[in-house]
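The structure appears below as structure tokens.
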Amino acid sequence: MPGCSRRPGLRPESSRQVPPASRFSSSKSSSMASAPTSKYNSRSLENESIKRTSRDGVNRDLSEAVPRLPGEIRITDKEVIYICPFNGPIKGRVYITNYRLYLRSLETDSALILDVPLGVISRIEKMGGATSRGENSYGLDITCKDMRNLRFALKQEGHSRRDMFEILTRHAFPLSHSLPIFAFVNEEKFNVDGWMVYNPVEEYRRQGLPNHHWRITFINKCYELCDTYPPLLVVPFRATDEDLKRVATFRSRNRIPVLSWIHPENKTVIVRCSQPLVGMSGKRNKDDEKYLDVIRETNRQISKLTIYDARPNVNAVANKATGGGYESDDAYHNTELFFLDIHNIHVMRESLKKVKDIVYPNVEESHWLSSLESTHWLEHIKLILTGAIQVADKVSSGRSSVLVHCSDGWDRTAQLTSLAMLMLDSFYRSIEGFEILVQKEWISFGHKFASRIGHGDKNHADADRSPIFLQFIDCVWQMSKQFPTAFEFNERFLMTILDHLYSCRFGTFLYNCESARERQKVTERTVSLWSLINSNKDTFKNPFYTKEINRVLYPVASMRHLELWVNYYIRWNPRIKQQQPNPVEQRYMELLALRDEYIKRLEELQLANSAKLSDPSTSPSSPSQMLPHVQTHF
């Protein structure tokens with residue numbers, strides 16, 4: 001910017017098929033609709049056995065023992081016993097690179113391959129001691145962030161375990177050992193630059209901004225107003241930069257109310273921010289109160305500004321004790337305040353742990369519904385979706401503009417604004433539109449990816465870890481199930497995003513905010529995840545997608561209509577029957593391929609025919625000879 005220095009997975013093994021995925025819904029009356037999935041769903045993005053170079057750019061030369069990305073270096077390999085939770089001990093050789101742990105079975109009757117990006121690893125523990133005598137009781141326990149655990153038994157003699165433990169620890173947690181995250185040494189090249197996907201000026205221009213009521217300001221170009229906000233902000237035209245500075249003093253982390261989205265017709269808006277610093281004494285700030293009124297007055301048709309506080313009421317009151325709070329009626333006139341009862345990051349973390357307990361390694365089908373209910377996971381999904389629906393409905397109806405916040409405005413706030421925008425704006429339901437939505441509402445506005453995921457950090461018990469972004473993607477999946485033709489992308493697209501949320505292969509989700517990414521020159525030194533996806537778009541397309549302009553989606557957020565995402569949460573269990581590809585989708589794809597083949601043949605014949613026409617010696621004697629004969633099956 002001018003004016004300042006800019007700085008996966010376990011192969012399904014052959015075993016008896018136990019319960020089909022359709023049994024894993026939130027109620028007996030709801031069943032999982034047939035979801036289009038591929039073999040990809042039962043393993044990680046990389047795990048496709050050893051083939052030739054694949055679409056995702058991985059070197060899979062048959063002569064190599066382990067696939068490698070450009071920039072990936074083999075560190076060591078060792079013979080181990082993999083304690084498979086489904087089929088028992090399997091002898092294999094594990095290879096460790098600076099990017100992945102890769103295990104190949106050495107047993108003739110097993111084709112098992114494990115391919116796990118090291119970024120997925122959350123915790124590495126030693127299992128057993130020097131005096132352990134039980135079979136396979138001495139080795140390593142590895143806890144992963146993607147709903148699975150790994151256990152390896154090693155020989156007790158020598159320093160076999162110590163060496164593997166130290167190497168894995170160093171490369172799985174590079175930031176804790178002064179090593180670079182793999183994204184900074186990844187040398188992959190793609191024919192599309194994913195860093196070019198999101199241009200904030202172009203995105204606001206697409207929304208019709210700036211206009212007579214809203215302006216673009218560069219007050220934060222050096223991150224001086226708010227170090228967790230992007231450099232470019234959209235604010236009310238009548239608010240000066242000096243006004244913004246005064247408002248910032250009364251908002252947590254200086255995260256002032258700024259525009260996220262404007263309705264193209266009724267001009268109501270979605271505005272996001274953090275909580276006001278009211279405190280126990282009930283402090284007031286005239287500048288903040290006036291600013292919210294200025295936001296309301298950008299649309300003369302509305303009499304009130306609706307404030308959605310994502311927190312439960314009791315939590316918002318409790319935040320007063322630490323200097324936070326909420327907008328009271330007596331201080332903020334012409335506003336109405338609603339609490340959405342979405343719980344904090346700690347509750348969500350514990351809920352996901354309970355989900356993992358019931359899905360890995362074994363699923364107790366006899367107690368499934370009560371076990372799922374006890375996790376409260378789908379209840380949290382329901383509350384997030386319900387809140388987003390309220391935001392979208394208020395704006396779509398033109399009854400009110402909406403201001404959304406939680407405590408700091410980077411977790412629940414991002415969930416609500418991005419989901420509401422997805423419901424309201426069909427552009428965000430395209431592949432590139434969704435990428436822009438994630439870049440804008442999550443990455444540029446400072447969702448703390450580094451803290452919530454713990455990239456390269458060994459502190460697995462960090463209280464800042466939480467599956468906030470996973471919940472958002474889960475909500476998107478729930479919507480895609482209810483509106484199967486509304487989204488250009490498929491389930492694989494969402495799962496690929498989640499796989500690389502952890503993998504550290506790309507720079508997209510690294511660090512907590514734009515100022516930190518700029519200091520580390522992330523866009524210059526790393527590859528974007530969108531480069532991979534946009535270079536292979538057909539892989540991620542929903543064949544049933546029907547583009548519709550200005551259609552608002554209102555998903556049903558009742559428990560009867562919500563399902564556990566089996567193909568994601570239980571994909572590592574080979575005994576769970578994966579959702580089979582939709583036969584209609586399969587036939588549709590076959591017909592598309594056939595159509596492309598005929599178009600190609602027609603073009604070749606036309607080229608050959610035009611060449612003949614330009615050659616006088618082969619000039620046809622009659623008009624009928626000029627028509628190429630194309631035989632088709634249609």
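Using N, Cα and C of the backbone, Cβ positions are placed for all residues, glycine too.
As written in TrEMBL, here are the features:
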ACT_SITE  Cys406  active site, phosphocysteine intermediate
BINDING   Asn344, Ile345, Cys406, Ser407, Asp408, Gly409, Trp410, Asp411, Arg412  substrate binding site
COMPBIAS  19-38  compositional bias 'Low complexity'
COMPBIAS  45-63  compositional bias 'Basic and acidic residues'
COMPBIAS  614-624  compositional bias 'Low complexity'
DOMAIN    194-569  domain 'Myotubularin phosphatase'
DOMAIN    375-437  domain 'Tyrosine specific protein phosphatases'
REGION    1-63  region 'Disordered'
REGION    610-634  region 'Disordered'
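Same-chain residues with CB within 8 A of the center of the Asn344, Ile345, Cys406, Ser407, Asp408, Gly409, Trp410, Asp411, Arg412 CB atoms, the substrate site residues themselves not counted, are Ala310, Thr413. Across the residues annotated as binding substrate (Asn344, Ile345, Cys406, Ser407, Asp408, Gly409, Trp410, Asp411, Arg412), the widest Cα-Cα separation comes to 12 Å. The C-beta environment of Asp408 (substrate binding site), restricted to residues of the same chain at least 6 apart in sequence and closer than 8 Å, consists of Ser252, Arg253, Arg255, Ser274, Gln275. Spacing of Asn344 (substrate binding site) relative to Cys406 (active site, phosphocysteine intermediate) is 9 Å (Cα to Cα, whole number). In the structure as shown, the Cβ atom of Trp410 (substrate binding site) sits within 10 Å of 25 other Cβ atoms. Comparing Cβ neighbour counts within 10 Å across the recorded positions Asn344, Cys406, Arg412, the minimum falls on Asn344. Across the fold, the C-alpha of Cys406 (active site, phosphocysteine intermediate) and the C-alpha of Arg412 (substrate binding site) stand 6 Å from each other.
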